[in-house]
Amino acid sequence: MSTSRGSSPGPSAMDPQRRRTVIRVTYLITALDVTWMFLQFAVTPYLAKKLGFDTLQFGYLQTTVGVIQLFGGPLFGRFGDLFGARAALTLACSATIAFFLLLANATHPAMLFIHKLPTLFMHVIPVTQMVVADLSEPEKKADALAKQGMCFGIGMIVGSTLGGQLNTLYGEEFVAYCGAAGSAATLLLVLFFIPKTTKVESATSENEKKSIFSLGEITRLRKFPRVTKIFTIKIVSGLPSVIFQVMFSIIALDFFKLLPEQNGYLLAYFGITQMVVQGGVIGPLTARFSEHSLLLLSIGVACLVGVAQIIFMENVAQFCVIVVPMMFSLSLFGVITDSMLTKSVPSSDTGTMLGLCASVQSLLRTVGPTIGGYLYVNHGISSIGFSQFFINAVILVYLVLRRANKDDKDSK
């Protein structure tokens, strides 16, 4: 049964028991991939410092990743739609193995840039999101994506704690090799458990006639209802948060003066907070409130986080308090916008749409380090909080006024 354009896509024709098994394994793959990625967060900033990088140069390194993944995200999402989840995840996990092997041998500043090249194909999260979206009922999509976010939190906890301890005990090279071995284990899970495709048969057949490099096939998604508006909000509202995220390694090292092991514990605290929010809070909220209301809530909380960053963030203890609403806002905003966007397109295009969602993060990570480095060096850490408050306040006012105008028109 084909899916009509613009309707909410239904789940794959796979039998229910098989769908549940694949979704559970997909959650495990997500948790493992995030674990290995947070291992490298215990390596890169400290290795960069050893190789003589300053704050701006480290920002350029982060920008390099953003540029590479900006182009890779949409194409990789399209690749997943055309060739299926197993092929896409196999390529992504293989690229992750290469990424860690290059990191283990990064003994020169240029090698830190070279080891980022495999990130062109490192899109495990968008593909696993595609699998979960394809196999979930439309009304349960947001909750399913939130549970996947909980797996992200688990990976953050394990990876951060393990990475900090291994780096302290054995050094950066050993941690990088552990990441390569772990990524190889993830690849085996993909090969044994993930089906070739999670699409309905008719949608897959239709897509096979199209090219992965078709810019028109990628950009046409903006014509579906709500897509352009939600994407614009995702980009503008997400910029301040991404600025803080990409600068956090430097903030932890330079402002909070954290050692690798302490930094790992702080990142683990992030993960615990996100796991609780994604697993125990977002699901019930999506069941009781509309997506539009939750979008407003996430942006409103982001405004308050910006104010807290301006006034209160002077030490690690104060920052740990701010992390709770910060992770709530980030998690809710990401889940709701991804859910709204995947519901706006047919099942045959969920991979491309989630690839575009990933490219939003990559776009922000392209400009974020440079902006963040400038703000932090010239105006201090409070300037990042001010940008968080101001940008999200403008968006919140716009959405409230837009909804008020729509209600007035409907009442006439």
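Quick reminder: no glycine exception, Cβ is built from N, Cα and C everywhere.
Of all ranges given (59-76, 257-274, 275-292, 347-364), TrEMBL attaches the label transmembrane segment to 59-76. Most Cβ pairs within less than 8 Å of the transmembrane segment (174-194), among stretches 21-39, 59-76, 230-253, 319-341, belong to 21-39.
Against the transmembrane segment (383-401), stretch 294-313 shows more Cβ pairs under 8 Å than any other of 59-76, 294-313, 319-341.
Per-residue pLDDT, averaged along the domain 'Major facilitator superfamily (MFS) profile' (19-405), amounts to 83 for this model.
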